[in-house]
Amino acid sequence: MFLFDWIWNMLSFLGLYNKNAKILFLGLDNAGKTTLLGVLKDGRLSQNRPTFHPTSEELSMGNIKFRTYDLGGHETARRLWRDYYTSVDAIVYLVDSSAPERFEESKRELDALLSSDELSNVPFLVLGNKIDVPGTPSEEKLRASLGLTQTTGKGKVTLNPGVRPIEVFMCSVVRRYGYGDGFKWLSFYLS
Ligand SMILES: Nc1nc2c(ncn2[C@@H]2O[C@H](COP(=O)(O)OP(=O)(O)OP(=O)(O)O)[C@@H](O)[C@H]2O)c(=O)[nH]1
Ligand SMILES: [Mg+2]
């Protein structure tokens, strides 16, 4: 079961394999960005300290590569985010969905990203992480809190020019579910 999951998740990246895509992993501190990257990188969960210095990793599966940027999420680190906006292919925005008291703060940062000119056409994959935590609010609640009740659709949708793909997927990085669907969705929009 675990092996199947792992392979399936890796396969869902196929759309990304074709390209040296530049992907930023953003979101508040403690959202799970570094944990997710660790799982994507070598399939393993690691204990991470909060990220204070931006880390860039080339993920390669077989002989195909893409470049990820893990930027810290605490307040001072957020000021560095904009230094990385140039020629970004996608944003993966993580939210700790088990921490509703921080939804407002997370929305504020997300809104700032969404209104940035440099990112105006960049696809956004929003991951509501940590749904393994009991009592975590529903996807509906998260969407409402983030102002994302209207998104572009989970299937492969042909969007009008100028419409930015954006979608929400709930996931648990530690249980390794949910994010695979999100990356598969994202791959539709990386040409
Ligand atoms: N329960 C649960 N905990 C998780 C999950 N994903 C990550 N965590 C935990 O959340 C904490 C923060 O994870 P990190 O990956 O360090 O968060 P980050 O987004 O990189 O945080 P910064 O580097 O401070 O911006 C760690 O204790 C992780 O083990 C999940 O799916 N479920
Ligand atoms: Mg981190």
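Any Cβ shown, glycine's included, is placed from N, Cα and C.
Asp29 (GTP binding site) is surrounded by 15 other CB atoms, counting those within 10 A of its CB over all protein chains shown. Residues or ranges marked as GTP binding site by TrEMBL: 27-35, Gly73, 129-132, 173-174.
DSSP assigns Thr51 (Mg(2+) binding site) to coil in the three-state reduction, outside any helix or strand. Around Thr51 (Mg(2+) binding site), the same-chain residues at least 6 positions away in sequence with a Cβ under 8 Å from its Cβ are Lys33, Thr34, Asp70, Leu71, Gly72, Gly73, Ala77. The Mg(2+) binding site annotation in TrEMBL covers Asp29, Thr34, Thr51.
Within 8 Å of the centroid defined by the CB atoms of Asp29, Thr34, Thr51, the record's Mg(2+) site, lie the Cβ atoms of Asn30, Ala31, Lys33, Asn48, Arg49, Pro50, Phe52, Asp70, Gly72, Gly73, His74, Ala77, excluding the listed residues themselves. Around Val173 (GTP binding site), the C-beta neighbours below 8 angstroms that are at least 6 residues distant in the chain are Gly32, Thr35, Leu36, Val39, Leu45, Asn129, Lys130, Tyr179.
With a CB cut-off of under 6 A applied against ligand 2, none of the binding-site residues Gly27, Asp29, Thr35, Ile131, Val173 are retained.
Checking the binding-site residues Ala31, Thr34, Thr35, Asn129, Ile131 against ligand 1, the ones with a C-beta less than 6 Å from an atom of that molecule are Ala31, Thr34, Thr35, Asn129.
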